[in-house]
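Novice: Starting off with a structure, shown below.
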Amino acid sequence: MGNAKRATQNDEDYTFVSPVVKYLLFFFNMIFWIISLVLISIGVYSRIVKHETALACLTVDPALILMVVGILMFFITFCGCVGSLRENICLLQTFCIFLTIMFLLQLLAGVLGFVFSDKARGKVTDMFDNAIKHYRDDLDLQNLIDYGQKQFNCCGGISFMDWSKNMYFNCSDDNPSRERCSVPFSCCLHAKEETIINTMCGHGMQALNYLAASAFINTNGCIDILVNWIHSNLFLLGGIALGLTIPQLVGILLSQVLINQIQDQIKLQNYNQQHRSDPWS
């Protein structure tokens, strides 16, 4: 009789749910939950500090992107955290489904970007042209463009003449700006030993032909150089893309394993409950 009771007690204490899987999934989601709060905070801060039209030149406000990504990540990781901790199948399935959808959307975006590379290039060119037009409107945008032009040794989207699309650098005769026919200093060729940057080095460069201007500034556009850089660093970009997808695949795998374990545990509990009520069944 005593052995039968101990056997029944052991069956009730036994669990299919692995603590390793359960708490690994919990801490995995906790890390990304904290990251989501950081993204939301940065996005909200940027929206409050910046003027409404500060980054209107871009297709989508980066602060808004951060907020949307942060809120979406917060919801998904919340489902993962609570679902794993409380062993809630509904929340875990929600977590798994959203992660799967995100993974498939990223895969689809990569395929579409490769198939429609010409349209993607045209979209990037339009964005760069818009950024040029608003170069003086926002300091952060200005610093971003200057950093890109210095980093890639380029000037403008297609060529340095693109800077004529900016009202201050426009080369038309009726432009009263002191920067007429100029380009930003980030287009200039700087010697490595040069410690003081001449911010007026791009003055009047649009009035020169390509050959004459190339002695003072980078005349090649940033779009072609960016495309060449992407082609030269495909393995690096592929590694980054893989690094972004691995956590998602790990999350999907762990959540699915935990769901199966919880379902097995529920079956065991139902069996034990039925066995207690009818030991002869």
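Any Cβ shown, glycine's included, is placed from N, Cα and C.
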Novice: SER46, VAL20 - same side of the membrane according to Swiss-Prot, yes or no?
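Specialist: Checking Swiss-Prot: the two residues are separated by the membrane.
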Novice: According to Swiss-Prot, which candidate among CYS96, CYS154, CYS155, CYS171 shares a disulfide with CYS222?
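Specialist: According to the record, the bonded cysteine is CYS154.
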Novice: The disulfide recorded in Swiss-Prot for CYS187 goes to which of CYS90, CYS96, CYS155, CYS171?
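Specialist: Among CYS90, CYS96, CYS155, CYS171, the record in Swiss-Prot lists CYS155 as the disulfide partner of CYS187.
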Novice: Check Swiss-Prot and name the cysteine among CYS181, CYS201 that pairs with CYS188 in a disulfide.
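Specialist: That record, Swiss-Prot, gives the partner as CYS201.
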Novice: What is the disulfide partner of CYS181 among CYS96, CYS171, as given in Swiss-Prot?
Specialist: CYS171
Novice: Counting Cβ pairs closer than 8 Å, which of 63-83, 95-115, 234-254 has the most of them with the transmembrane segment (24-44)?
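Specialist: By Cβ pairs under 8 Å, 63-83 leads among 63-83, 95-115, 234-254.
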Novice: Within its own chain, what residues at least 6 apart in sequence put their Cβ under 8 Å from the Cβ of CYS187 (disulfide bond), listed in sequence order?
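Specialist: GLN149, CYS154, CYS155, GLY156, PHE160, TRP163, GLY202, MET205, ILE217, ASN218 - these are the non-local Cβ neighbours of CYS187 (disulfide bond), listed in sequence order.
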Novice: For ASN170 (N-linked glycosylation site), just count the other CB atoms lying within 10 A of its CB, please.
Specialist: 18
Novice: Give the sequence-ordered list of residues that share a chain with CYS181 (disulfide bond), lie 6 or more positions from it, and have CB atoms under 8 Å from its CB.
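Specialist: Sequence-distant Cβ neighbours: SER164, PHE169, CYS171, GLY204, MET205, GLN206, ALA207.
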Novice: Would you mind listing, in sequence order, the residues at least six apart from CYS188 (disulfide bond) in the same chain with a Cβ closer than 8 Å to its Cβ?
Specialist: ASN198, CYS201, GLY202, PHE216, ILE217, ASN218
Novice: Using a Cβ cut-off under 8 Å, which residues of the same chain at least 6 positions beyond either end of the topological domain 'Cytoplasmic' (84-94) come close to it?
Specialist: 17, 22-23, 25-26, 29, 255, 258-259, 262-263, 265
